[in-house]
Amino acid sequence: MLTKFETKSNRVKGLSFHTKRPWILASLHSGVIQLWDYRMGTLIDRFDEHDGPVRGVHFHKSQPLFVSGGDDYKIKVWNYKMHRCLFTLLGHLDYIRTVQFHHEYPWIVSASDDQTIRIWNWQSRTCISVLTGHNHYVMCASFHPKEDLVVSASLDQTVRVWDIGSLKKKSVSPADDILRLSQMNTDLFGGVDAVVKYVLEGHDRGVNWASFHPNLPLIVSGADDRQVKLWRMNDTKAWEVDTLRGHMNNVSCVMFHAKQDIIVSNSEDKSIRVWDVTKRTGIQTFRREHDRFWILSSHPEMNLLAAGHDSGMIVFKLERERPAFAVSGDSLFYAKDRFLKFYEFSTQRDTQVIPIRRPGSITLNQSPRTLSYSPSENAVLVCSDLDGGSYELYFIPRDSITRGDSVQDAKRGVGGSAVFVARNRFAVLEKSTNSVLVKNLRNEVVKKTPLPFAADAIFYAGTGNLLCRSDDKVFIFDLQQRTVLGELQTPFVKYVVWSNDMESIALLSKHAIIIASKRLVHQCTLHETIRVKSGGWDDNGVFIYSTLNHIKYCLPNGDSGIIRTLDVPIYITKVSANTIFCLDRDGKNKAIVIDATEYIFKLSLLKKKYDNVMSMIRNSQLCGQAMIAYLQQKGFPEVALHFVKDERTRFNLALESGNIQIAVESATAIDEKDYWYRLGVEALRQGNAGIVEFAYQRTKNFERLSFLYLINGNMQKLSKMLKIAEVKNDVMGQFHNALYLGNVEERIKILENVGHLPLAYITAKTHGLHDVAERLAAELGDNLPTLPEGKAPPTLLTPPTPIMCGSDWPLLRVMRGIFEGGLDNIGRGAVDEEDEAVDGDWGEELDMVDVDGLQNGVALPGLEGEEVPGEDDGEGGWDLEDLELPPEADTPRTSVNTHSSVFVAPTTGMPVSQIWIQRSSLAAEHAAAGHFDTAMRLLNRQLGIKNFTPLRQLFLDLHSGSHSYLRAFSSAPVISLAVERGWNETTTPNVRNPPALVFNFSQLEEKLKAGYKATTAGKFTEALRLFLSILHTIPLIVVDSRREVDEVKELIVIVKEYVLGLQMELKRREMKDNPVRQQELAAYFTHCNLQLPHLRLALLNAMTVCYKAKNLATAANFARRLLETNPTVESQAKLPRQVLQAAEKNMTDASQLNYDFRNPFVTCGATYVPIYRGQKDVSCPYCSSRFVPSQEGKLCTVCDLAVVGADASGLLCSPSQIR
């Protein structure tokens, strides 16, 4: 059984397949009807109007309808497009068991526990016949697929066949009144529309199901006596043919298979059984653990079955429909109907070659699974699942074109899979020993090679090589060298397709396609939601593949698309030019002609064959939003431009490709404010000031226009803007323009006009206009504002002179497009060469100062609102004669050939900070690049760091230290420059080095020495600050070699010990009133891993504290340890000797300490208690300090950075760790 789809739900009592769409209806015991798409595995809809279980459900053959019948005695007819119930048929008096539409007439048949069968007309919505005769519940009723018969099964232990021929006559409207009267009588008193033709008796218990054979006069029934019975009928009588025994409980449903001579039954014994109709024996049994089966349904056209059980349903096939085939050059060998067949692609001729299995030996899933062909020996290996996997070797006679009838005695063997690996050698996978047997054509083992990994299938991979499949990867194995040539992690691979030159391979799994090189170097992966079926390589290296309902393509870079849809699945055998050769599920060869234009176009773009692209644009009908979006996405908006007629899309593409000329045309056609504004932004980015000016004028954006003239230095037009603001009575505009012009008189006039006399007076006085100031002073009288005394003499506020006076200043070096203007004017009238050669839109830089005309040949509307000359005026457009060139402007004539006006503005390069982080996993480099969030994520992942407050200043220092800032001149923005590590004059400018970092390892060594010094001097707070500073800096250190990495890790351990010890010592000093705890902390300090001089001081300290507290035994232990260090300073040796002498007289402790020096321990970094060997503990992922388990998940108190017990991958501080 091949399960295609499975659902989990309430008990399923009714099932029905849709004839055309991949849908199935399931009616549940809970009263819900579900509509599933079994191909996608999704629930499409649910219908919930029945009260109680719904036992029967059925799709109409052609209308968007289905019918359902339930325990609420109601039959409901639904329209699934409108998602609602259309009407309800009432009449049955008990549970309704089954409902079914007639394949031709507008009838529904229903069976009910009220012991009747009713036939309804769903168009007139009436009951047209009641079939009575059963004397117990009627469990099912169904129409014959071709004849006027109904079969029903009942718990009265009978199966009845009813003739409904007279109903058909009655459905034709009676012509005269007498007939109509008799019809009325019939309707009132019950007529003889349907008569019992046969009553089939033979079951010992109630019959649950009966169904007709689709073609033959056979009936099959299943009953509570656990038997399946086969009945035959003719025109006069019906009789029992045979009984099929095997079910262990009530048989709930049984039916004939549409395509094969088999019966499928299911039962409450939790099994589905398959029976051979001719031999009348069981072929196969499928069991479930806990679920009883209730219903079966078969697809009307496809080889699919569905079964409903206690906790859902399954859609399944009984056996694979994929024909086994092998392609060799121009020929195809394939297995069909127990014969090996040969097909020639060039002539499209089909021939039967030899029989490959004795007739009658076929059983389920025993048909050939794979074929392998050796052209030189004309031999074929046929593999199947027989006996758990076996192969047969056949030799094709040389005169194989004639029909072969003689059965060969094939050479057989057992093995997982078998393939030819050389001219006269084939390999067989022996799964039990996980080895490959190489055999000759006499089926003798020549060589046995064990495989390095467990494999469950082998495929051909070139002469002497095998592609082996394991669960999650594939590998290529060389049988001669016994080495693995390449391996690749993949989903479970089902099929393998090699390209014609054996350079590329496609690995097909259920929902994915992996393209790789011949050594399994991964190139791309494609994921499909629908099952992938087959594939083949075309001559251009494009992989063409089929899913259940599409033929698609995959380009070498992983781009894919649909070529066409399919009605039924196909298996691609070969792709030649624009023809796809394939086999269908019936084993018939087909040749499908496809339109390859789309993928050839995309391939040409990918391979940069731009001449092909241009010719395809000119000659083919490539269009559509998808193609435009693709070209846009791949960075070819200028190509997409030539597919598009919609002005808005043209405008967007023109902006993206930097083609200002087309953007102006489109903006003029659209003429909306937003489009002009966006055109202005793009033109400003390119430095095309003329177009910017035009765009601002069209939108009457006077503020921006004034500012544009200011930065252009166009004082003449700024004066005009001042006048316009005056006319429009725009006071702020007037004032700004006066300010831009440096026109003080105008500013005073404006201030005076709006009544700001004090401001006007101050402005006049400051700028030395004494006459005006005196006049204003007289007007102000006593309200005269006072000016501050003793300030430096004021200067006139005038705008700076622009660096480049003129209309255009190219900010961007504009590059020619890849299509060199060849795409221009496609589909439009071509421009004459003389017109084109005058001046392209992107000529050399011209310093043109022109007030009324416009640079770059776009006519400007006048500023005082003159009309723009229309296109039909026969002039305007290209005002080239009116340009007044200043004599000093050197304007060399550009040699512009025809079709040169399409250019591509260069795309912005990648910022250095982006390049730095692209290949780096070092947090320091991310911080230097300013990407603090990724630096924090890296530190969290590598060292478990969660508290970044101590690192904030370090991050900022790293960032500012790896950048320098250049100020060119006052009006230009500050330029940021990246400072790189290891830069010198010989470095190539295109290769970026990593960032220069302000922290290095030698600084930390200096700090360590300073920390040691402070510890020796007893400056514990200062020492702790230095050691913590080292701990906080180490995560942001980068070193070069592995040796230095080890040194950094060693430094962490050293510093951590000092931080812990100093923290305990400082805490001890704070405690004045707890002598026991003081002694414990002093004792633990001596167990930190310190330098020898510091250890002596710690021991001396602990000895002193304990001695004073009368803990003589403990003090003696410290004295002994101190003497063992051979102290060089006499005072350090003298004191412990004295303590030892004093303690020997009285070796006792006054107070009990939590300290056992005989038992090795580490100190908890948070609670400062000993954790003895063997006790559970957790550690900090960064500084490795140890803690009691209760501290897990809290911040480490030693380093103050990481979370105790967090998962972390470890310190990464050198590029050498990543290589």
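Don't overthink the numbers, they just go from 1 along the chain as shown.
Cβ coordinates come from backbone N, Cα and C, glycine included.
Check TrEMBL against the ranges 861-881, 882-902 and you find region 'Disordered' recorded for 861-881.
Summarised by DSSP class, the composition of the repeat 'WD' (200-241) is 0 helix, 25 strand, 17 coil. Counting only same-chain residues 6+ beyond the ends of the repeat 'WD' (131-172), those with a CB under 8 A from a CB of the stretch are 94-95, 97-98, 100, 102-103, 105, 107, 109-113, 115-119, 121, 183, 191-201, 203-212, 214, 219, 221, 223-224, 231, 233, 238. Across the range of the repeat 'WD' (244-285), the DSSP-based residue counts are 0 helix, 25 strand, 17 coil. Residue counts for the repeat 'WD' (89-130) under DSSP, split into helix (H, G, I), strand (E, B) and coil, are 0 helix, 25 strand, 17 coil.
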